[in-house]
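For reference, the structure I am asking about is given below.
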Ligand SMILES: O[C@H]1[C@H](O)[C@@H](O)[C@H](O)[C@@H](O)[C@H]1O
């Protein structure tokens, strides 16, 4: 907001009247403001940025709502993660016979397919009817999908259940990071969104672990599916009573309700400053014009595609989500068992847990580092290391004859294990979570629609990789497949280096201003460094 001079004439009197809690804080505020003025040629610092300087920890409300919103992330991870163990143990429970390969494929990819479809509509629905309502809707779909699978005696019911659950997964993957981004103060935003990523990778880990435990029992798969209804029911009930995001509330004119939420977000901060921040957010977030919903949909789309800052936001958001998937992570998440079996390791379930556990652990590293190190730097450092890990896997595969079923575990077999673990680890610290910060790229009026497109890109990429990976290994050999991933990873680094600015310390309303006349990478780095000081 400081990039745009939003409250030029009221700035000084307002500052004087604020009950700043200490001289140190005031000094800090003035220093930040002056440096920022110098950098951006602006005359003021926004009330929201000022509010940020007054708080030092996320408030209990921010933490609580983030944790509850992240249940959607958990469902995303759990629902995509449990299917491998269900398929192994389902036997002839459906239609009284073993499943055909094509049926297994439908049951597996049904969720991703449902997710792609749902993301197309979810964002715009959230722009129109609110973030909270969409969270409730996604839980209804989770529960409905799980119930159908739980009670299924026919293959077709099972596929329908997976598809409906997929609709929920798609909506949840979009709405949880959006809700958290709009709620969190800028300085904790990165970390709060990563809590949702921790829930995704945690959900995958729990799904593998529960699969390993219950998979051994006859009919255990129904319990694996049934368990998924518990977290979604909790989230469904909780969000009936919880508030929508302050930014959404402001966008529909509910300033009083927004004030109540913001007071708990910025605990102990002066009420006048919160008012000023609401006025700013209101002023900077003009609603999309239109009398009917169709008219507004048309205007939103044209605003999203024709405004230069939104075009750049789309390039970054969709680009990062495509990269997240095309480097091949889900070939490991879904097929690590197959890969390890090919290499000669026998216990594929344990191995899958190991891969999922690494993903989870290194997401914690990202959580601890993101707001200090910055999103851009985390990507630029972790991606070359990820590429080295992929090359290590490829070279190790070159030295093995994968057609031989039983290998002694020699140096190259161990190198593959090492390569895959490093692959997941370096992915988790950067690409696993930074693309999910997508909501910060778009302005309020088209945030839902913009994140929809980015999320559709993610799920399409995931579908393409999981559908093609086994064939790719056949056509090009496993070594060839990993060299392809390494090539994509290299190109990704160049893309990110050229176009991805550091958005870590900007208010959501400032990002648009930054992207107005270019990607402004250098400028963004400058702001980040100065606000961190
Ligand atoms: O960020 C997540 C996470 O990294 C998961 O492990 C992966 O399966 C998803 O596709 C990705 O979106």
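Each Cβ is built from the backbone N, Cα and C atoms, and glycine gets one as well.
Feature list, courtesy of TrEMBL:
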DOMAIN    65-504  domain 'Major facilitator superfamily (MFS) profile'
TRANSMEM  61-78  transmembrane segment
TRANSMEM  106-126  transmembrane segment
TRANSMEM  133-152  transmembrane segment
TRANSMEM  158-180  transmembrane segment
TRANSMEM  192-214  transmembrane segment
TRANSMEM  220-242  transmembrane segment
TRANSMEM  313-337  transmembrane segment
TRANSMEM  349-370  transmembrane segment
TRANSMEM  379-399  transmembrane segment
TRANSMEM  411-432  transmembrane segment
TRANSMEM  453-473  transmembrane segment
TRANSMEM  479-500  transmembrane segment
Return yes if the transmembrane segment (61-78) and the transmembrane segment (158-180) have at least 3 CB pairs under 8 Å (sequence gap of 6 or more), otherwise no.
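Since 3 or more Cβ pairs under 8 Å link them, the transmembrane segment (61-78) and the transmembrane segment (158-180) do come into contact.
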Count the Cβ pairs between the transmembrane segment (349-370) and the transmembrane segment (192-214) that lie under 8 angstroms and are 6 or more residues apart in sequence, then report whether there are at least 3.
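As far as Cβ distances go (cut-off 8 Å, pairs 6 or more apart), the transmembrane segment (349-370) and the transmembrane segment (192-214) touch.
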If contact means at least 3 Cβ pairs within less than 8 Å, sequence distance 6 or more, would you call the transmembrane segment (411-432) and the transmembrane segment (220-242) in contact?
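Since fewer than 3 Cβ pairs under 8 Å link them, the transmembrane segment (411-432) and the transmembrane segment (220-242) do not come into contact.
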What average pLDDT is reported by the model for the domain 'Major facilitator superfamily (MFS) profile' (65-504)?
93
Taking residues 6+ outside the transmembrane segment (192-214), which of them lie with a CB under 8 Å of any CB in it?
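Non-local partners: 58, 62, 66-67, 69-82, 84-86, 173, 176-177, 180-181, 183-184, 220-221, 223-224, 227, 333, 349-350, 352-353, 356-357, 359-360, 363-364, 366-367, 370, 428, 432-433, 436-437, 439.
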Counting Cβ pairs closer than 8 Å, which of 133-152, 158-180, 313-337, 379-399, 453-473 has the most of them with the transmembrane segment (106-126)?
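The stretch I would name here is 158-180.
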Counting Cβ pairs under 8 Å to the transmembrane segment (158-180), which of 220-242, 379-399, 453-473 comes out on top?
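Of the candidates 220-242, 379-399, 453-473, 453-473 scores highest.
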Would you mind listing the long-range same-chain contacts of the transmembrane segment (313-337), meaning Cβ under 8 Å and 6+ residues beyond its ends?
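Hits for the transmembrane segment (313-337): 80-81, 84, 108, 204, 304-305, 348-349, 351-352, 355-356, 359, 386, 390, 420, 423-424, 427, 431-432, 434-435, 438, 441-442, 450-451, 453-455, 457-458, 460-462, 464-466, 469-470, 481-482, 485, 488-489, 492, 495-496, 499-500, 511-512, 515, 519.
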Using a Cβ cut-off of under 8 Å, list the residues of the same chain at least 6 residues beyond the transmembrane segment (479-500) that approach it.
312, 315-316, 319-320, 323, 326-328, 331, 375-376, 379-380, 383-384, 386-387, 390-391, 393-395, 397-398, 431, 469, 472-473, 519, 521
